[in-house]
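Features of the protein shown, as given by TrEMBL:
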- 11-230: domain 'Alanine racemase N-terminal' (DOMAIN)
- 38: N6-(pyridoxal phosphate)lysine (MOD_RES)
Ligand SMILES: *Cc1c(COP(=O)(O)O)cnc(C)c1O
């Protein structure tokens, strides 16, 4: 995509964040924009970086590794937001700052063991299957407290909060329901695990960003509205 278009899109998304925060009385500085760059060439990320974007989210490991090499000269904070198989944890443990999709203890244990000791702990969000959809990844609401307690014990991980990808709803009011539920689950975890840095709600994409911000999102994950429609 044209560099100028990416920058315009980015500025438009930033304005939407500011407007939405103003409408619901939140500090726009409390909402961080994660640019979701899956399937985009490295030059698109570079264009966004030049316009001040620092956080990028990738879904596919091999693709992400290639871009990390191509963009090694930039000070990017890399987030892995795709499903992660347990035999692929090492690359995330060694090369990323954040992982948003932990839903099993086995994966978390491997990540903690593989995180190089000289690096800061890997920031973790637990992915919650808020709609209890059979086909979707994410820990169930019922199993969340036990998983969170176990992950919080792992030395080289930092449990930061929760992530969800709710199914689209038919109205804006309805769209807020799963986000409000995720926010409630985070409050419960804070009570359950005092002392953990549980400050993160990773929720909201191009189509439902406003609803997520209204419910307390601290990271919105935006792809299409920055880089255009994916093929
Ligand atoms: C692709 C993706 C996004 C971005 O979605 P858009 O609708 O393009 O903004 C956000 N989160 C996850 C987990 C994704 O896979």
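Using the three backbone atoms N, Cα and C, a Cβ is placed for every residue, glycine included.
A quick note: this is a predicted structure, and the numbers were derived from the prediction, not measured.
Taking a C-beta cut-off of under 8 Å and a sequence gap of six or more, residue 38 (N6-(pyridoxal phosphate)lysine) has these contacts in its own chain: 57, 58, 59, 60, 63, 82, 223, 230. Mapped onto three states, the DSSP output places residue 38 (N6-(pyridoxal phosphate)lysine) in coil. Averaged over the domain 'Alanine racemase N-terminal' (11-230), the predicted model reaches a pLDDT of 97.
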